[in-house]
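What TrEMBL records for this protein:
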TRANSMEM  37-62  transmembrane segment
TRANSMEM  74-96  transmembrane segment
TRANSMEM  102-121  transmembrane segment
TRANSMEM  133-158  transmembrane segment
TRANSMEM  195-217  transmembrane segment
TRANSMEM  397-423  transmembrane segment
TRANSMEM  435-456  transmembrane segment
TRANSMEM  468-484  transmembrane segment
TRANSMEM  490-511  transmembrane segment
TRANSMEM  523-542  transmembrane segment
TRANSMEM  554-578  transmembrane segment
TRANSMEM  616-635  transmembrane segment
Amino acid sequence: MGKKKTENTIDETLQLNKTNGDLPQYEYVTNPPDGGFGWVIALAAMMCNLVCDGTLFAFGAMKPYLKDSFQTSDMLILMVGSIPCGVYLLVGPIVSGLANKFGCRLIIIIGSIGAAACMLLSTWSKTVYHMMIIYGIFGGIFFGMVYLPSVVMVSFYFDKKRAVANGLVTAGTGIGALSFGPLANFLFSKFGWQIGMYIFAGMMLSCILFGAIMIPLKPQKIPIEYAEPETLPVYNDKSRLPPYSDLENNTKASLLSPIASNDLRTSGGSTAIVPGTDDIAPLVNNSSRARTISTSSKASSGAARMNLSVITNPEDAGRALYRKDIFLSSTHNLNRSPSTHNLSIETGAGKYMASATNIPAQIQQEEAENRKPSRLKAFMDILVAMLDFSILKNKQMLLICIGNIFSMLGYYLPIMCLVSFAIDDLKVPQAKASFLLTVFGAANTIGRFASGWLIFIPYLNSLRVHNGLLFLAGILTCMAAYAYNFTTAALYAGLCGFAIAPHMSLLPSIICDVVGLDRYTNAFGILFLFRGVTSIIGPPAAGYVKDATSRYDMAFAIGGAMIIIAACFHFTLGCFGLSKAEQSATAIQDEPRGPVTDDEEIHPMKTTLTDKTRNHVIEMISTFLLPIFVFVILLKSTFELNDVRFEHLMSLTCNTPVITLHVFSGTENPTWSININQLQTLKNIANQNSIIPSSITSRIMGYQGFSIMCSLIDRVFINGRADIELYLLSTGRHHLSSSIIEHVQAHVGEIIPQGEIDSAFEPNVDCNKVPIRGTDGVPVYDPKTDDGGCFVQKQTLNNCYAYGTDIVTNTFPQPGRGSGKKWLANTCKEMGAASVRDNLIFNGTKLPNNQPKEGHYVALLIWPDTNFHWIRKDANGYWSHKPGGTPVTNVDNTGTKITDPSKSDFAPWTQFCAYYIAKPSNLTIN
């Protein structure tokens, strides 16, 4: 009964409106439900973001496996991960146009299928270049087809509660970032990277379901009533406009309309105030109430068609990308934006929907003339709008784009390089290092939510919070170069993850303040292009630096400098005047409320030079000094963190501590005892808190540091403090040769990242049942599976000779000891003869090109008259080794993979002796 009555009311209204000639009698409006099924849409978008962003963010954990598989440089392998991150931003305008034409639902489904297919096909890549094309370029395109439309659908379904809904979507990105890294490491280590990629492709296919859920909103058909406008006063050029309050009371129209050109029309020498048709509030709610629009009876129907902003095509009303605010994460930001202040002071949901919907004029004209718009029009409108480079004439927008060029050069550095930095430079176990992405992702999620609260603190706003934290993120990234273990790397991951978050969460609000709502979509499209290009360049550039220097510390220092430069560009935004949209809004807000005389001169902006100077000073203090203060605190904390390692030293209490110098590879390290007085002297030196600069070195051979032991469980390892190390060296001069003393003196103060034994690692065999022999074939370089993984679990009990011959003995074996006659001198002749007695086969001094028919090749090097070192050739053609009780590695002192032992850097083992063949089943080593 109620429905029938409503239909009759609509019919009666349309019948009454026939007197208005050919004017549109109805329009279509889509009203966001702000709840209900919208929460299902938000949950589906969250899952799309979880899978899509999680997969891209997990590349840092995937990288070591891909690099070992393709045997290529860091620069090239990082391109595999950076290309999709950049491409899915570059295709943003194209995907937006496709979503506007075909709907977000279809585009997400196609993107899910395409991304999964690219991930599957990438496993068949023969070279890293094939993977760049399949996974990088094509995969990036399809990732973009999943990501962008899912975010758009949430904004289409929510208005007042959009911030909450987008918070849920952001949580998906955070959950994916913190969970997919360890998941990728587990899958790739357990099943291989190809099978792991299959599983990720299967998870990507789940986005088909999430996309199918995203049903587009159905437009509502709303009748339009036409009313005669009130007569408005006309003022000549020399007169002043009436107070805003009077104008508002007389016309009920807002001069703050986004389409200001319809409000002021000039004829001859006078200016008339005409009510803009976009500013008349439609009465829209769940019941079909008519929208009232003022028009003049004297106006022709054709002119009325051109001036009325109504949507008579239901397809256009349902196109999400025609909404000006579709990329805004929260419409509440509009209340803080002078350029869009009108949206917060008007009443009625329909008013907001009318002002926020922007159907191109050509389409409206075609509809008014009953002509069907071009099929590609919905696509081209968005593409052209988003790629309008004229927006760069706005100096503030240009500064933002230039700043983002620099920021994106460093943005992906912790995401893609931090795990490798921990593994290669800090010697953190791979499984443990992957959790650095979890720390980064969790902190980044917290940062995105927290930044929304920080802007409401007095004297802070979006720009100041964004700039201050971006500057801090740059400083932290520079300081990451000084990380020396998992704890310091995790500290960086957490702090940087939090500080970099506002660069994504607050920048949209800043852009809206700068360009206004009308050009917000355009600004977003241009920003996509700038960010996309530099996202592709940044990680490979870091990889190039790593390849050139053999370490990641310089790459992090340069990446941090790029972020700091980006922050400086954003700092300068406060030095410019307001944008045109902001000036227009400010001029109206600053109009005097009382009568205005002809003698008064009204300025569009009332800010004086003194006010500007004061504001700039406040801006600089809040954005520069605060991050610098935090930097000083963090620097002080870093030194204190270094000193924490020596707190244990102060608690040592025994009469004769045992000192061990960690320096040898083949033999047991030299040890000696000191007395209680010497221990006290040592404590006094440590207690001085003298900060002597230390450096992290890529060197893996030779001096590592000293350990001081009172019992098996009461011991402390010392390095990175030259003053303490030199005193410990002086106490053992009578036990050391001159070559050892010279070598240690040359390297005190250096920190070689100590490999941590993974306590969670479980070998495949009982490592106590020795000897454990490898096969007589060529060994595969994989310490976690080599001889059941016992070279990892029993790391400190097996040396270079055990690893070189591929036999676990847990006895620090010596050449000749197993056959009954140990070596007598550290010379090539004596050490070679002892190894032959253990049944190794001499193979000359020429580098072998092929693998032997049985067994594998090993090579002998000597630290003249001091120590020996063995390395072995693996199935991949490279050589690997185990320096003393430290972890297995496949690089030399420069961080370079070993292809020719006679030419690689193993200093101080500088004398190359010869090659031998080791067949584990025939050897008698102990």
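Numbering starts at 1 and runs along the chain as it is shown here.
Each residue, glycine too, has its Cβ placed from N, Cα and C.
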The transmembrane segment (435-456) versus listed stretches 37-62, 74-96, 195-217: most Cβ pairs under 8 Å: 37-62
Candidate ranges 37-62, 74-96, 133-158, 397-423, 523-542 - greatest C-beta contact count to the transmembrane segment (554-578) (under 8 angstroms): 397-423
Cβ contacts under 8 Å made by the transmembrane segment (102-121) with residues that lie 6+ beyond its boundaries: 48, 52, 55, 95, 134-135, 138-139, 141-146, 149-150, 152-153, 156, 197-198, 200-202, 204-208, 210-212, 214-216, 320
Residue numbers, six or more beyond the limits of the transmembrane segment (523-542), whose CB comes under 8 Å of its CB atoms: 74-76, 78-79, 81-83, 85-90, 92-93, 96, 327, 385-389, 391-392, 397, 400-401, 404-406, 408-413, 416-417, 508, 511, 514-515, 552, 555-556, 558-559, 562
When counting Cβ pairs under 8 Å to the transmembrane segment (37-62), the leader among 195-217, 397-423, 468-484, 490-511: 195-217
Other parts of the chain folded back onto the transmembrane segment (490-511), taken as Cβ under 8 Å at six or more residues beyond its ends: 170, 327-330, 333, 336-337, 397, 400, 407, 411, 414, 418, 435-437, 439-448, 450-452, 455, 462-463, 465-466, 469-470, 472-473, 476-477, 479-480, 483, 520, 523-524, 527, 563, 573, 634
